[in-house]
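S.K.: Right, I'll just put the structure down here and ask away after.
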């Protein structure tokens, strides 16, 4: 057993972080909030870097890597708050022409509820009939309400969403600690106060528990492990963003600080693939099935 | 990232399983919790069996991964845990192995491994709990002896221990972390009084120990004089490392039993309770994965557990309390009956967020050492 990142996995993560630092920095994030369109040039660059074709076999023009590497890539995307139907396009690689190299943007409808990026996408998979646009709580994710019953969730979609949530959790933990180290009140950094330390420490604990669950699920690809990863990653992202906002005080409540964008995106992701209820029920049934 | 074990590790697991299948039926019946001499005999007997089979030093002599497999398999098989050997195997032993002289190792380690001697821990004091370095038990040099006076508290197994790993203040004028020494004190020395403390669960799990001019040879000091704090930190990192592996395995089994009980008594039809059990399944699966992650990290760094132990301990202690609170929800009014399963476990779970460093202290450790926040007050 060697449940740690390999050198190759570290390299995959570092390469994507570098690309996103360069192409999607804070200014680009600001611009994306104001513009409604998806950055197609960035999408093609992600394609060229292998983001969508990561798990396609090399014989089919893919990178030939597995779920663990995909999870690391999606963690980075989540950390950078990268907008767009990333999971849907990644899952369409090899099935929808142009998805793998980023020349085509693919959205998906996974049953009733809400669907992301329907208007912007070149291809929509699933039944989008009767879709009605709504005023999205997340300025970086256009949403439609879709009628009908929810179908069974694709476990890989659930796992990659959990990886994005993990990335958000990591980022808000960094932002909270950074702010707590530098913001001064009563003549010292607020991070010297135990009440603030506790908020930050709890955020870090949730990150590490979620990380272990998400990475393990990527290795086993077991649907029950994936459901567990999803619950813990949702918790780490949503509660982490809330606590980060709290640590930022009044600034955390502003449009200008980036904290609210992380929280809103985390909320959007909790609605994907059947919501948390489906995962909780799956984990409960697993106890009765006896594999525990 | 790899969760599969090597052929050597799987071989270790298979041989251990077979051995456990062979010996467990021949174990004597478990003594009652209040029968201290009986518990001592039982726990030492189990350690002797492990020693004879070549597993005596698994807690600090083998790789973290083999230790993980050992703890996982013994728990799954329903074998006893360390019991009265806890301090010897998980605190004092590792400390002596890491910091003791060759002579000290030869003197104290074999009797621990062979299941002949029980150790207890004299660290906390009535006025030195979370602030352990504020301890006041004094030791004066008198010839080849230290003369020790003071009192210790929360000392498990003190009634039946042969030795006590003792922290004493040898320099009252130095800054508090720099005036402490680590001594091995024989428990039959004149001047020691042990007074059992009854816990809220009703049993006498630990004791107060009063020391009145107890003479401890200077040769029993591990590490340099006044270097006891550093020596102690080695011990504490072991305590927060793999100490809870068996318990996580046990909690996962309890969860399956809870689901079975809920199906039987109809509570399973309550979706709120059912989903709470589902969440606990996620929680303990994740804690198991975090254990594997920490063990792999320790393996890569040469076997020393890192601050990851604090992260684990924080989450686990709260999850354990949540597990037994949920058990009470499954039981309904039966949760008030001490003879029902899980009711005593619910009571004892209350100590988990306090013992071995309170959650509040663990938060401070995480905030300062992992997140780099400034030192608090």
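Cβ from N, Cα, C; glycine included.
Just so you know, TrEMBL annotations never went through curation; they're auto-generated.
Annotations for this protein, taken from TrEMBL, read as follows:
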{"type": "DOMAIN", "residues": "A:6-90", "note": "domain 'Acyl-CoA dehydrogenase/oxidase N-terminal'"}
{"type": "DOMAIN", "residues": "A:160-279", "note": "domain 'Acyl-CoA dehydrogenase/oxidase C-terminal'"}
S.K.: For the domain 'Acyl-CoA dehydrogenase/oxidase C-terminal' (A:160-279), how many residues does DSSP put in helix, in strand and in coil?
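M.R.: Per-class counts: 100 helix, 4 strand, 16 coil.
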S.K.: Per DSSP, what is the helix/strand/coil residue tally across the domain 'Acyl-CoA dehydrogenase/oxidase N-terminal' (A:6-90)?
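M.R.: In the domain 'Acyl-CoA dehydrogenase/oxidase N-terminal' (A:6-90), the DSSP-based counts are 56 helix, 0 strand, 29 coil.
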S.K.: Mean pLDDT for the domain 'Acyl-CoA dehydrogenase/oxidase C-terminal' (A:160-279), as a whole number?
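M.R.: In the predicted model, the domain 'Acyl-CoA dehydrogenase/oxidase C-terminal' (A:160-279) has a mean pLDDT of 96.
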